[in-house]
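Peer 1: As annotated in TrEMBL:
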BINDING   Lys24, His31, Tyr140, Arg188  heme b binding site
TRANSMEM  248-268  transmembrane segment
Amino acid sequence: MENMKSARKDEAGEVGSDLSEQIKAATKENHVRAENTQLMLSYQKGQITVTQYKVLLCSLYEIYTALEEELDRNCSHPAVAPIYFPQELSRVESLQRDLEFFFGSNWRKKVIVPAATQRYEQRIRKIGKQNPELLVAHAYTRYLGDLSGGQVLGKLTQKSLGLSGTEGISFFSFPGVSSPNRFKQLYRSRMNSIELTERERAAVLEEAVSAFEFNIQVFDDLQKMLSVTAETVDQSRSKAAGFQSSPIMQFTVGVCVALATVGMGFYVL
Ligand code: HEM
């Protein structure tokens, strides 16, 4: 047992042999970069706008739909079963409620996502079919993030948008998780119980880095889309004197022009 690396970080701060520790260490720098994207910085300054939040919800809906469909389909795969917690973690229904709150009952027709979101979603679907043992990397990146910094983001969204109650922000609340910290510990121990070959473990760590990068690209695309949208709305306001379009029209027209301008995908469910 002498050679066996400690399950916890030792005093020198070295990373042990547990997947949960290795994945955290492998993605540390990507986490810093994700926190420092324009979108996340707006969040941290308490300056998130309703438009930013709405486009973010659309992308999250697409991402979680893919993730949860692939987790469900692979729920008895030995590398998925230990981290399969649909009751506690599933986000698709809460995202549907939030989208309905902001876009109305025909929200499905209004879901618009940039190309980066489509790439992220396609990657999840591909590994769900070809390498389900890599799904843990994506589940970790999103769910543990939602149970960590995500909890603060929920409060900031509520405050920035002046929302009372949980309407519009059910994405951030996990009624099936009474203590996020204890749940994260359970999740980490389940991750650590997954049996992986050395090659598979390396691939999971690499996939987690990609998962963070996919998120960064989605945030960057959304931000680009919105900066073009803001310009478009400003221009159309000054051009269309006397014509008052509704905010939702401005949002839709603006986002469509933005997607065309920055060459991104246009995707309606
Ligand atoms: C405003 C942006 C963000 C803030 C302020 C933030 C903050 C935090 C904090 C405080 C923790 C807990 C660290 C710990 O327990 O040691 C954490 C953990 C985590 N965050 Fe973030 N985060 C942000 C964005 C993100 C994003 C965009 C992602 C990925 C999509 C993400 C994924 C994670 C993950 C996976 C963990 C768990 C790390 C682990 O314990 O293994 N975070 N975050």
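Every residue gets a Cβ built from N, Cα and C, even glycine.
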Peer 1: Please state whether DSSP places Lys24 (heme b binding site) in a helix, a strand or coil.
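Peer 2: In the DSSP reduction, Lys24 (heme b binding site) maps to helix.
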Peer 1: Once Lys24, His31, Tyr140, Arg188 are set aside, which residues in the chain still have Cβ within 8 Å of the Cβ centroid of the heme b site?
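Peer 2: Filtered neighbour residues, in order: Ser20, Ile23, Thr27, Thr141, Leu144, Ala208.
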Peer 1: Is Arg188 (heme b binding site) helix, strand or coil when read with DSSP?
Peer 2: helix
